[in-house]
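A.B. asks: Before I ask anything, let me first share the structure, which is written out below as structure tokens.
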Amino acid sequence: GLFVTDYFTRTPRKLSPFRSFASIELFHFHIPEDTVIAVWNLITFKEQGGTFGDQCPDRSITVYFRSGAPSVINPLHTHFPRDTAVPGSFALTLTWTLPNRTTGVFNVTSPLPGDWFLAAHLPKDEGKISVKGLYEECQYLFQPQLIVQRLVNIAVLYPGYVTEQSMAPHKSSCLYKVFVPSYTSRVLVEVLRCRGAEGCPLWLRVRAKAPPLHNSTALDCREHTPCQLALDLPFWQHWYYVLVEKHPGVPGAVSFQVTVQLTDCSRPSLARPPFLPSSASMNMPHSFGSVGGLALGDSPSPASPSNGTKHTVPIPTASPTGERCWPIRPTLRNELDTFSVHFYIFFGPNVSVPPDRPAVFVINLLPVLDSGGVLNLELRLNVSSLRGENVTVFGCLNHEVPLTSGDNVSVTCETELLAGFLLSVNATASLSRLRIPYPQTGSWYLSLRSLCATEHGFEPCTNVTAEVYLRSYLSPCINDCGIYGQCKLLRTNNYLYAACECKAGWNGWGCTDNAEAFSYGFQLLSTLLLCLSNVMFVPPVAIAVRSHYLLEAAVYIFTMFFSTFYHACDQPGIVVFCIMEYDVLQFCDFLGSLMSVWVTVIAMARLQPVVLYLLGAMLLSMALQMDRHGLWNLLGPSLFALGIMAVAWTARTIRRRHCYPPTWKRWAFYLCPGALIAAAAVLLYAFVETEENYFYIHSIWHLLIAGSVGFLLPPRAKPSRRLGPLPRRKGCGYQLCVNEQEELGLVDPAVASINSICTS
């Protein structure tokens, strides 16, 4: 056939260490139909400071692949919530082949068409809290690329018609496809009139949705006469691919006929009619290719070429045993919000399950839109409806086809080619739940059957109609992640999905794994430490008030207040108390901390203009609004204040011709200890603080910063040496003059003695 190659790529993204599914990078691809091979080129490279990160350490990168929905991953081996079904996925670990770049290739032969999702992450780190901008971090960028090769104009088989084919000696296989509509209980593929050099040296392989593989359902036509391959309970509304493959080493040409028969379960005694129906009656797509075949709606011609002739054949009557399907009740879709969808049953939610037949319901999940949430199913048995009988109601949830086996005593929801989920309720366990994170989209069928337990197992009940309360809905997360988690709505390009982000040491898909959880006492202790450590600002406030630094004292009180309540609101557990919105408390805490540094440095410079305080408040507010965690946005105003202090001290030193501050005691007992305490606090904050030791390292940070302010705040300022002219006394020709001691600031002007009289 003719191959067409398509190429898809995605923008490189920075990978993060795994903490929860919210920390992974998700990539969405779409594989077209009739794809025979898909090749993912996985490119990973390092960056540091805008250049190649040759010095960055090698960290393994794990990539997950899944068709239909994102992968449900568990790299930390945590526990899933109860009643949660975990769908499988394929994982691949990339290793580095070059100092700053590595490339991995992942091939998928005959991939399923539709949506494919790739999830990538780095290993979990030690949880170090780094200051943004302090140093150039190593970044690991991941870019997946997809190359697909697909066949065009695959020959289409029509149910009830025979296609003749002659396989040339140089050919090894022929590929066909047939569309299976709804309410089809059986697909029968048969090879007729096979003639070759060694009998019928053919393999017959059939697979749903994609071309067959080596492990697909197969039949050796040499050993089976007639060569018939039957598939029970096929997927509805999908293409089935038929591969007729020649045995290796067989010389010469092989001629054969291939036909497909579909059994309609709504009419178990009849197969699909032996004529070409319209696209509407077959629920078939309106456009599809064919090689050597007929366009949809054309009449078969008996004069077609020998390698593509189609004509009717007699269709045997299908056996009614096990092939009857029951009416399927639809559900009403009610969208409340993103990933918040309720599926209501007409004349529900109470459902009657008769003893002689199952009750079947369908839940339709929209492509792309619904695969990023959690499908929830709940069954609750009305025990009073059992009339004392030992009745068990079994529910089978299957994807794309209902499981309505003819065996009434079967309690399994799986077949050789079909997997499903089993639920059961009875008088002792009247409630059953099922949660499927990231479900595959399409139609999900729920089949309910009532069986009575006896000494010999389960048997069909007689004259007992069980009543079941059925609830099905789509939610963003499992139980909204509980009290120790937060359900986050995430986006990758145009695809939305939800995931839990846990806190307080809780882990798991629904934040229900308490293996490393913080106890209530630990949470209370950490909250009290972070809040009460701000009481250390009381001594600086007292010193500021005593030294008449009222503005500085007000700033320290502001910082102490908002730092206390910000940390009371910022706790990860349940010991949380918020007096305002979190964002407001965080802004005020950061602003108060930086304003405390600013006013302290300005006070040390002995500068009194109010304009400097206003300038600092405006600069710091602007910096915090730009980036509250950026290093230079926070460090810049502080360095500017230190520069102002250095200029003021230098000017005084030059004017007085001796070092300022003038006394060694001020340097030895106040300035040097205060500077060392502040430097120790900054080092702890920047290099030692981690997520595990945050509560006590940050409390020590509070103590050290407040203590350094008490040391660095200067003593009370002396009065100004320049006094204005004293008022002249009426009736006297003299004025008072300020003596020399008063000019030097050594005495109080209020008690200064007048030792000189100046002539007016």
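Note: Cβ is positioned from N, Cα and C throughout, glycine not excepted.
Copied straight from TrEMBL:
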- 500-511: domain 'EGF-like' (DOMAIN)
- 297-322: region 'Disordered' (REGION)
- 517-537: transmembrane segment (TRANSMEM)
- 549-568: transmembrane segment (TRANSMEM)
- 632-651: transmembrane segment (TRANSMEM)
- 667-688: transmembrane segment (TRANSMEM)
- 694-713: transmembrane segment (TRANSMEM)
A.B. asks: Can you check how the pLDDT averages out over the domain 'EGF-like' (500-511)?
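C.D. replies: That region's mean pLDDT is 91.
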A.B. asks: Below 8 angstroms Cβ to Cβ, which residues of this chain, lying six or more residues outside the transmembrane segment (517-537), approach it?
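C.D. replies: Non-local partners: 484, 504-506, 556-557, 559-560, 563-565, 567-568, 571-576, 695-696, 698-700, 702-703, 706-707, 709.
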A.B. asks: Short question: which residues 6 or more past the ends of the transmembrane segment (694-713) have a Cβ under 8 Å from it?
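C.D. replies: 129, 525-526, 529-530, 533-534, 536-537, 539-540, 543-544, 547, 549, 552, 556, 563, 567, 593, 596, 600, 603-604, 670-671, 673-675, 677-678, 680-681, 684-685, 688.
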A.B. asks: What does DSSP give as the helix, strand and coil breakdown of the domain 'EGF-like' (500-511)?
C.D. replies: 0 helix, 4 strand, 8 coil
A.B. asks: Which bits of the chain, at least 6 residues beyond where the transmembrane segment (667-688) starts or stops, bring a Cβ under 8 A of a Cβ in it?
C.D. replies: 131, 134, 661, 697-698, 700-701, 704-705, 707-712
